[in-house]
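These features come from Swiss-Prot:
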type	residues	note
DOMAIN	9-277	domain 'tr-type G'
BINDING	18-25, 86-90, 140-143	GTP binding site
Amino acid sequence: MKYNEQEVDRRRTFAIVSHPDAGKTTITEKLLLFGGAIQQAGEVRARKAARHATSDWMEMEKQRGISVTSSVMKFTYRDYEVNLLDTPGHNDFSEDTYRVLTAVDSALMVIDSVKGVESQTIKLLDVCRLRHTPIMTFINKLDREGRDPFELIDEIEKVLRIQCAPMTWPIGMGKRFRGTYHLYTKELVIFDAEAERGTGGVISMTGLDDPQLDELLGSQADELRADVELLEGAAHPFEEEAYHAGLQTPVFFGSAINTFGVQQLLDTFVDHAPAPLPREAVSRTVSPYEEPFTAFAFKIQANMDPAHRDRIAFFRICSGKFTRGMKVRHVRLGREVAINNATIFMAQDRTHVDEAFPGDIIGIHNHGTIKIGDTFTLGEDIKFTGIPNFAPEHFRRVRLLDPLKSKALEKGLTQLAEEGTTQVFRPLMGADWVVGAVGLLQFDVVMHRLEHEYNVKATYEPVSYVTARWVTGEKKKVEEFQKKEVMNCYIDGEGDLAYLAGSQWRLDNTMDNWKDLTFHATREHS
C-alpha cells in the first residue's frame with residue numbers, strides 16, 4: 001500500500017523562473033491571490049506606497065526591485081496544496097536558483113511577450129534540462145504591443161529546444177487585446193482591464209463556428225479562426241507524458257498585472273503538473289509513498305527576522321510524514337534531534353507547522369549545525385544527490401576597516417557562505433579572507449549584509465584569481481601539494497582544501513604537475 005497516498009497526490013511543488021522584469025513577482029502574487037494566501041497584491045506599481053511585493057522581503061531586494069533570495073510560499077487551491085518557490089530574478093544568482101530547482105517537481109517559465117526569450121531564460125532552462133524538470137510557460141504582458149505569438153512560439157522551440165503545446169491563444173494584443181480562447185475547453189475569456197481580476201466574462205463556446213464569437217469579437221473572430229486553423233496544422237498537441245519528461249511545454253497567454261490568464265494556467269497546473277516525485281540518493285531511490293520520514297536541506301537563509309538574528313534551513317520533505325516534536329537523525333552529524341519549531345512560510349509571514357508531507361517545504365531553526373545538502377531521516381543513512389557547490393568565477397579579498405571586528409567578520413562571512421550564494425576562502429598563509437561568487441552582484445549583497453546585519457564595515461580589494469578547484473587525494477600527496485602551492489591554497493567554509501588559480505593556463509599547468517590529485521570544479525554539499 002502507498003503510505004500517505006492521498007496527501008502526496010494532492011501536492012504540487014514548483015518554482016517560477018524568468019528573466020528579470022518579465023513579471024515573475026507579479027504572477028507570483030496573482031497565484032497567491034487565487035490561493036487566498038494574500039488579500040491584496042503588493043504590485044510593483046504600489047511600491048512607492050511602501051507596499052513591497054510580498055515575496056521580495058530582503059532590504060536590498062526592496063531597493064533594487066529584483067528577487068535576490070528565493071522565498072517559499074504555500075497556498076491551497078481547489079483542495080490541492082501548492083508550494084511555490086520564488087527564485088532569484090537576477091542572473092548572478094544561478095547557483096541559488098539551481099539549488100531551488102533541486103527541491104521542486106516542476107517549473108513555470110514566464111516570458112515577456114515584448115522581449116521574447118532572454119539570456120537568463122536560456123540559462124535557467126539549461127538548469128531545468130539537466131534535471132528533466134517539467135515546464136509550463138506563461139507568455140506575459142499581452143496588454144502591451146508585443147511580438148507575434150507564432151513568432152514567440154517558434155523562438156521558444158528553436159532557442160530553448162523544447163516543443164510548445166499552446167493551451168490558450170490570444171485575440172489581439174496591446175490596445176486590440178480582447179482575451180484568450182482555450183484550445184481544449186473551447187472557452188472564450190474576455191479581457192477587461194477595469195473588471196475585478198481582469199476578466200470581463202468566461203463564455204463557453206461550441207467551437208469556432210459559434211455565432212457568439214462574431215457578436216463578441218467582430219472582425220477579430222475571423223483572425224482567431226485563421227490562427228487556430230494554422231495551429232491545428234502546425235502546433236504540437238498537448239501530451240502529458242512529453243510534458244512530464246521535460247520535452248514539451250504547455251503555453252498560456254495573459255497579462256499578470258491585470259490578473260488575466262492566470263486562473264486558466266493555475267487550473268491546468270494543478271490538473272497536470274506532477275505530484276511529488278521519487279528522489280535519487282547515493283544508495284537507492286526514495287519514493288514519496290514510503291513511510292519512513294526523509295528530507296534534505298536545499299537552502300539556508302540568515303536573518304529572515306532581524307529582530308531575532310535567526311537562521312532558517314529550508315527542507316524539502318521526500319517521504320513519510322513530519323509531525324511537530326518528532327525526533328530525527330541528522331545523518332551527517334550522526335546525532336538525533338527533536339524538531340519542535342518547524343515553520344511554513346508565506347514570504348515573511350511564518351506559522352508553526354504541526355504536520356507536513358512529501359513535497360512540502362518546512363523551515364527549521366539552524367544554530368550553525370545544518371548545512372546545505374544535509375539529510376534528516378528516521379535512522380537510515382541516506383544522502384540525497386545533486387546539490388552542488390559551483391566553482392566561483394569572481395573573487396575579492398576582504399579588508400576589515402576596524403581590526404577589533406575580526407570575530408564579527410568571520411561570523412558574518414561564515415554564516416553568509418552557509419546560505420550558499422557566496423563561498424569564503426581562508427588562506428593557509430596570511431589573514432585576509434577571500435570571497436568567491438558565481439556572479440558579481442553577490443559581492444554587493446555580502447557588503448550590504450555585513451554592514452546592516454553584523455555591524456561590520458569592510459572593503460574589497462581586487463585579487464588576481466579566475467577560478468577555484470577543490471583538491472582531494474592521498475593524505476601525503478595533499479600535504480606535499482599544500483607546502484609547494486601554499487600561496488594559492490585556501491580552506492573553504494566547509495573545511496575543504498581549495499586551490500585558487502590566477503589563470504586557466506596556471507590551473508592546467510598545476511593539474512599536469514599533480515596528476516596524483518583530483519581537482520574538482522563542483523563540490524557536492526557534504
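Just so you know, glycine gets a Cβ as well, placed from its N, Cα and C.
Locations of recorded Swiss-Prot features on the structure.
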residue : record           : CB count, 10 Å
SER18   : GTP binding site : 25
ASP21   : GTP binding site : 16
LYS24   : GTP binding site : 27
THR87   : GTP binding site : 26
LEU142  : GTP binding site : 26
Practice problem: Within the domain 'tr-type G' (9-277) only, compute the mean pLDDT. | Solution: 85
Quiz item: In which DSSP state, out of helix, strand and coil, do we find LYS24 (GTP binding site)?
Solution: helix
